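As written in TrEMBL, here are the features:
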- 9-409: domain 'Major facilitator superfamily (MFS) profile' (DOMAIN)
- 47-67: transmembrane segment (TRANSMEM)
- 74-93: transmembrane segment (TRANSMEM)
- 99-116: transmembrane segment (TRANSMEM)
- 137-160: transmembrane segment (TRANSMEM)
- 188-207: transmembrane segment (TRANSMEM)
- 235-259: transmembrane segment (TRANSMEM)
- 271-289: transmembrane segment (TRANSMEM)
- 301-319: transmembrane segment (TRANSMEM)
- 325-347: transmembrane segment (TRANSMEM)
- 359-379: transmembrane segment (TRANSMEM)
- 385-403: transmembrane segment (TRANSMEM)
C-alpha cells in the first residue's frame, strides 16, 4: 500500500475505535431513558447492559473463526452492517414501545461491535511500520476514550428530555395523556439512532472500497496445544478479576444518572453532563496511570487503585448531595488503568497459549452482563445508593489478583476497554 492509502486505512480503522466506544457509552443514557419510556424497574433496565455484554461473550469466538475463514476485512464489514442494522431497529422498537425489541436491537449492535473489536486491534498494528505499532494502537484507543466522553454529552442533549413525571403527576393525568407522554419519550431515540446507523453504513461502504492488507497469522505450534490452559493459575485468577472489574465498571457508569438523581437531586440532563466529565476523567486517568507506572509497578498501582475505589464507593454510599457524586467521579478516574493492567498481567508468560488466554480474558467481559442486573435488583429492594455496594465488593477480587502479582515489575499495556 502507498503511504497516502495507508494513512487513509489507518484513519478508517481508527474510526472503528470511536464508533464502538460511542455505542457502548450510550447505555448509561438508555438505561434511565428506557426505564422511563417503557416503565421499567431498575432490574429490568439493567438488562440493557446484559443484552450488550452477553453478545460479547457469545460472539467473541465465532467472530474469530469467521475472520480466520473469510478475512478481517469481511469481518469488519459484517460487523458494521450488524451495527447499523441494530440501530435502525430502534425506530420500530420506539414506535411499538416494546422493551424486548430494544434488547434485540442492542444485542445485534453489540454483536457487530464484537466483530469490530476483534479485528481492529490487530489491523491497526499492521497498517504501517512494526516499530510504531504500539503508538498507532494507543493513538486509536485515545479516540475510544474521546467517544466515551462525547456519548453522554450527545445522548443527554438529543435523547434525554429532562422531564420526569412523578406518581402524583401521573395520577392527575388522563390515561391518554400519560400514554402520549411515554410515546414521546420513546420516540426521542429514533432520529439519533437513524443518524448513527447512516454514519456506520457510510463507514462500511468506505471500508469495503478500501484496500486493506491481509494479516498472515502463524500456524499454531505443537506447544500451543500442550498442557491445559486451565492449569495456568495466574490466568484463571486474571479472568476472575477481569470478570469482577468489568462488572464494576459497567455498574458504576450505567447507573450514574440514576444515582445522581437519587443522591444529589440532579435532573437527568445535568447528571448526563457530570457523567461525561467522569468519563473524561477516566480517559485522563489512563494517561496519568501510564505515567505513574514509570515509578510504581503495575500490580502495586492496581492494588492501590482498588483500595482507593473501595473507599470512594463507601463515601458514595454513605454521603449525600454532590459529595457522593464527586466520589463516584473519582472512582471513574481510578478505574482507568485496571482493564489493560489486568489483561497484561493475566497473559504474561503464557507463550504459545497467549492467544487462547487472551480470548478467555476478553470473554470475562461477561461480568458486564451479570452485575448490573444484581445491582438493579438491590436497588429495587432498597435504594440505588445502597446498590453501589455491588461494585465496591467487585474491587476486592481485583485487589487480591494485584497482590498475587506483586513480584511483577513491568508489563506491556496494549488492551483497552
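Here the Cβ of each residue, glycine as well, is placed from N, Cα and C on the backbone.
Proximity of distant same-chain residues to the transmembrane segment (385-403), defined by a Cβ-Cβ separation under 8 Å and at least 6 residues beyond the stretch ends, is recorded for 42, 237-238, 240-241, 244-245, 247-249, 251-252, 255, 259, 262-263, 299-300, 302-303, 306-307, 309-310, 313-314, 316-317, 324, 328, 331, 338, 342, 345, 367, 371, 374-376, 378-379. Sequence-distant contacts of the transmembrane segment (271-289), counting only residues of its own chain at least 6 positions beyond either end whose CB sits under 8 Å from a CB of the stretch, comprise 25, 28-29, 142, 145-146, 148-153, 155-156, 160, 253, 256-257, 260-261, 301, 305, 325, 328-330, 332-337, 416. Taking the domain 'Major facilitator superfamily (MFS) profile' (9-409) as a whole, pLDDT averages 90 in the prediction. Residues 13-15, 17-26, 28-30, 32-33, 120-121, 124-125, 188-189, 191-192, 268-269, 272-273, 275-276, 279-280, 282-283, 286, 414, 416 of the same chain sit 6 or more residues outside the transmembrane segment (137-160) yet have a Cβ under 8 Å from a Cβ within it.
Among the stretches 99-116, 188-207, 325-347, the one making the largest number of Cβ pairs under 8 Å with the transmembrane segment (235-259) is 325-347.
Non-local neighbours of the transmembrane segment (188-207) in the same chain are 12, 15-16, 19, 22-23, 30, 33, 37, 73, 76-77, 80-81, 83-85, 87-88, 90-91, 94-95, 154-155, 158-161; each lies 6+ residues outside the stretch with a CB under 8 Å from one of its CB atoms. Just going by CB pairs under 8 A, the stretch in 47-67, 74-93, 325-347, 359-379 that sits most against the transmembrane segment (99-116) is 74-93.
Highest Cβ contact count with the transmembrane segment (359-379) among the listed stretches 47-67, 74-93, 325-347 falls to 47-67 (criterion: pairs under 8 Å).
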